[in-house]
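*Asks:* One structure follows; several queries about it will come next.
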Amino acid sequence: MKNFFSVADVDNLSTIVQEALELKANPNAFRSLGQYKMLGLVFLNPSLRTRLSTQKAALNLGMDVMVMNMDKDGWALETRDGVVMDGTTVEHIREAAAVMGEYCAILGLRSFPSLKDRKEDYSEDLFNKFSSYCKKPLISLESATRHPLQSLTDLITILENTPSTQEVDGQSVSVRAKPKVVLTWAPHVKALPQAVPNSFAEWMCKAQEQGLLDFTITHPAGYELDEQFTQGATITGNQNEALSNADFVYVKNWSSYQEYGKILVTGREWMPTPEKLKVTNRAKIMHCLPVRRDLELSSALLDGPDSLVIQEASNRVWAAQVVLKRILENL
Amino acid sequence: MKNFFSVADVDNLSTIVQEALELKANPNAFRSLGQYKMLGLVFLNPSLRTRLSTQKAALNLGMDVMVMNMDKDGWALETRDGVVMDGTTVEHIREAAAVMGEYCAILGLRSFPSLKDRKEDYSEDLFNKFSSYCKKPLISLESATRHPLQSLTDLITILENTPSTQEVDGQSVSVRAKPKVVLTWAPHVKALPQAVPNSFAEWMCKAQEQGLLDFTITHPAGYELDEQFTQGATITGNQNEALSNADFVYVKNWSSYQEYGKILVTGREWMPTPEKLKVTNRAKIMHCLPVRRDLELSSALLDGPDSLVIQEASNRVWAAQVVLKRILENL
Amino acid sequence: MKNFFSVADVDNLSTIVQEALELKANPNAFRSLGQYKMLGLVFLNPSLRTRLSTQKAALNLGMDVMVMNMDKDGWALETRDGVVMDGTTVEHIREAAAVMGEYCAILGLRSFPSLKDRKEDYSEDLFNKFSSYCKKPLISLESATRHPLQSLTDLITILENTPSTQEVDGQSVSVRAKPKVVLTWAPHVKALPQAVPNSFAEWMCKAQEQGLLDFTITHPAGYELDEQFTQGATITGNQNEALSNADFVYVKNWSSYQEYGKILVTGREWMPTPEKLKVTNRAKIMHCLPVRRDLELSSALLDGPDSLVIQEASNRVWAAQVVLKRILENL
């Protein structure tokens, strides 16, 4: 692996999940692989899970880690070319990225979208420029349109919770179950990026292609995701129909892609509750966190026996570690 | 040791001080004990000494350390149950603590009181919830009502500076001296928590019970501490009487517990000075720092030969290290 | 080496550059030298290159590192003696420095000038007090009047790019070339400290004394640097004359020393461009970064084949590492 930006950076999803689960079983087996190698984590936006899990993954591989919080250091980056820098930006991404590339063997970058200019956000201009100028392998810690470490984590968690054997005529037979995975929109008070649902959708669509699961998306009208991420998914505006027989329900809010960055639906009609989940196959509940309790998702589900949210967050370490391991092996 | 929240987590005070002083003499003797173990330090409020000394203690034990400054990351935690999270809090402590527990073997948490709602502060609700949800050993880096790492440090410093032998008839005889330790209130311009004096008082009361020292508290009327922390202490409103024959004078401001969070006394009448200290047994001066010079404590004392404040701050490392060591040994 | 504050802390410049280049060739050769030694990096002002390069240098030497951002932690230090601390400063530098000295084997400190009170800034009061109170070797990470890690880096970069052999009568002969190095003022929208140009000038003047190069300074009238830094330099107000036959052009803005902290010249007349550089000996372009593109320096030069700015930033690691190595060897 050279970079990690989207599902396109991984061929066989089943294989990478297997490798991640081996790291989970044996976290320190590769402590010498990253020795004397520096990982630089650059945060243009806040982070809790991503920061901690990626740091831990790197330490598990023996790497050194430096964290740079550029949001709080008043270090506004210029990304446009051909402008006279006589305003508020203090450094051009050309220099900033190149310099950090000099100090690090691998870099990670988090950068949220503006939610104002769809074309600019979806061009992934900042991420692409950073990648180009730093001249080192770059891992997305969430970009304007994707959050691939989260999506890989989600896939790990789904397959980890999918039985690989079934009882047939009283005998245990190795049969890969094919779970029904549903992504459902949920309410929120703030306008959130589409990065997590875009990314989840493109990973699930590929997993569906590779025969690992069946994938359905449900959301209110006006919340259609960019079609490049949803090829092959079943999409419906009927939440109840989508949830029917679901094995995994992935709950997430996002703002509109069509009316870019807008909140079109308020009220809690779309919030998953135990009542609504009755039509599922006793579905496991997933959410990338942080979650607004009783706004996005009912407390009863979050605290109930079918919630996977903590296990899911915990698996962030193994997603980051398998990605770092593959990049280190390729240096 | 499973957690470290108050003096109740330690049985024999003399033994833990001895163990801390052995670590001071040999800081790297246990570098393999913490290998591959992650310490997570969560700061909901600023910190200088606590952050650095605890980090250093963990590194001395071979641990990995991750620091999370949640005050500055705009990551306001919800602690109440049963509320719809449609306001400014972005994550519930249930998830935040649980996730950090997944990434770490041991956690530390700093959280100051509001000084507005005494019942809430003294319930230690936030700390207790974090402890319960994180499911890992938790160390208080100062909570609403206590600062136990500081108090253990103070005890280490007092015993370290108490002669264990005396001259009797021209011969050196091993006699444990029993110093007089005085906690005196001092002025400040800001309303400060009672955590440090509460905690110091409960550690000194227990040390008095175990025959290690005699303990006196002095403060202006209205500054009585919660009685749960002062059982057995001599308490007087007469500062001069308290200081008489003192061997250690512990200087600290706090706001009123009775008129909760209020400043009742201004002026510098209660500030310890060389003049006032004349009635002591050439007492050693202690303060947990940071200290407001010539407001809480005179510069002449701070810079004089009897000041222990820097040695005291330095000993923070060994207090943290002995606590981490005991928890690691118990994992 | 005991401290690193100015060029006066180094005797033979050629030797230290050679030692730095050996570390560059073999970064991990001294991983045991710093084992169990703590480096504390204290930032009273923001930092990108300095923070990352010094952290990396310390890790290369096997040290532990703790970073303290005191600008953002609301931890305002009092530096004056004899004042009653009843205002906004929370801790005196006497205690803060002493405590950090207790936790660390070596300290680094960054502190910018106020640009309001020249006498105070040029007294280096804060830096000197910190150095005195911490009682440990102290490295300047940029002080009010100097940035010696940057200047050592600059010298490394200049000598690294200066051929040590020449063709004489068809044979390669070992002849140390003596490049012409020019420091030129350049425009900016903000009033910047004189620390970088002061420091560059004093390092280049000493390098000139030691026969390593020839040094010229050019700036508009009113931008004369303090003469203590420029002894022996050729100084001219004619930028074109200065650039003539230059081998290295070091571009930097600074505010006036005479009319302290003022911006006297606006407009881009002094901005180096390819056109202006035609009179040079195809000079290499240097800048300490961050740089304001097309305000301080034209993009064409920054992105052109003669730009050394990224290599220069990269060399910050080896400057920091040779300084740390020398101090460690002297502990």
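Using the three backbone atoms N, Cα and C, a Cβ is placed for every residue, glycine included.
Below, the features straight out of TrEMBL:
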- A:SER47, A:LEU48, A:ARG49, A:THR50, A:TRP75, A:ARG110, A:HIS147, A:PRO148, A:LEU149, A:GLN150, A:CYS288, A:LEU289, A:ARG316: carbamoyl phosphate binding site (BINDING)
- A:GLU142, A:HIS188, A:LYS252, A:ARG292: N(2)-succinyl-L-ornithine binding site (BINDING)
- A:2-160: domain 'Aspartate/ornithine carbamoyltransferase carbamoyl-P binding' (DOMAIN)
- A:217-325: domain 'Aspartate/ornithine carbamoyltransferase Asp/Orn-binding' (DOMAIN)
*Asks:* Quick one: of the binding-site residues A:TRP75, A:HIS188, A:CYS288, which have a CB under 8 A from chain C's CB atoms?
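*Replies:* Cβ contacts with chain C under 8 Å: A:TRP75.
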*Asks:* Using DSSP and three states only, what is A:ARG49 (carbamoyl phosphate binding site)?
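*Replies:* Reduced to three states, the DSSP call for A:ARG49 (carbamoyl phosphate binding site) is helix.
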*Asks:* Please list, in sequence order, the residues in the chain of A:GLU142 (N(2)-succinyl-L-ornithine binding site) that are at least six apart in sequence and whose C-beta is under 8 Å away from its C-beta.
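*Replies:* Those within reach of A:GLU142 (N(2)-succinyl-L-ornithine binding site), by Cβ under 8 Å and sequence separation of 6 or more, are A:ASN45, A:SER47, A:THR50, A:ARG110, A:SER111, A:PHE112, A:LEU149, A:GLN150, A:ALA195, A:VAL196.
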*Asks:* Of A:HIS188, A:LYS252, A:ARG292, which is closest to A:HIS147 (carbamoyl phosphate binding site) if I measure between C-alpha atoms? They're all binding-site residues.
*Replies:* A:LYS252
*Asks:* Listed in sequence order, which of the binding-site residues A:ARG49, A:TRP75, A:ARG292 sit with a CB under 8 A of chain B?
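*Replies:* It is A:ARG49, A:ARG292, listed by sequence.
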*Asks:* Just to verify a number: CA distance, A:CYS288 (carbamoyl phosphate binding site) to A:HIS188 (N(2)-succinyl-L-ornithine binding site), in angstrom, no decimals.
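*Replies:* With distance taken Cα to Cα, A:HIS188 (N(2)-succinyl-L-ornithine binding site) is 14 Å from A:CYS288 (carbamoyl phosphate binding site).
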*Asks:* If you run the three-state DSSP split on A:LYS252 (N(2)-succinyl-L-ornithine binding site), which class comes out?
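*Replies:* The residue in question, A:LYS252 (N(2)-succinyl-L-ornithine binding site), is strand (DSSP, three-state).
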*Asks:* Kindly report the helix/strand/coil residue split of the domain 'Aspartate/ornithine carbamoyltransferase Asp/Orn-binding' (A:217-325) according to DSSP, in that order.
*Replies:* 33 helix, 16 strand, 60 coil
*Asks:* Just the number: how many Å between the Cα atoms of A:TRP75 (carbamoyl phosphate binding site) and A:HIS188 (N(2)-succinyl-L-ornithine binding site)?
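*Replies:* Between the Cα atoms of A:TRP75 (carbamoyl phosphate binding site) and A:HIS188 (N(2)-succinyl-L-ornithine binding site), the distance comes to 30 Å.
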*Asks:* If one measures from the C-alpha of A:ARG49 (carbamoyl phosphate binding site) to the C-alpha of A:ARG292 (N(2)-succinyl-L-ornithine binding site), what distance in angstrom results, rounded to a whole number?
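*Replies:* Per the Cα atoms, A:ARG49 (carbamoyl phosphate binding site) and A:ARG292 (N(2)-succinyl-L-ornithine binding site) stand 16 Å apart.
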*Asks:* If one measures from the C-alpha of A:LYS252 (N(2)-succinyl-L-ornithine binding site) to the C-alpha of A:ARG316 (carbamoyl phosphate binding site), what distance in angstrom results, rounded to a whole number?
*Replies:* 17
*Asks:* For A:TRP75 (carbamoyl phosphate binding site), name the DSSP secondary structure in the helix/strand/coil scheme.
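*Replies:* Going by the DSSP assignment, A:TRP75 (carbamoyl phosphate binding site) belongs to neither helix nor strand, so it counts as coil.
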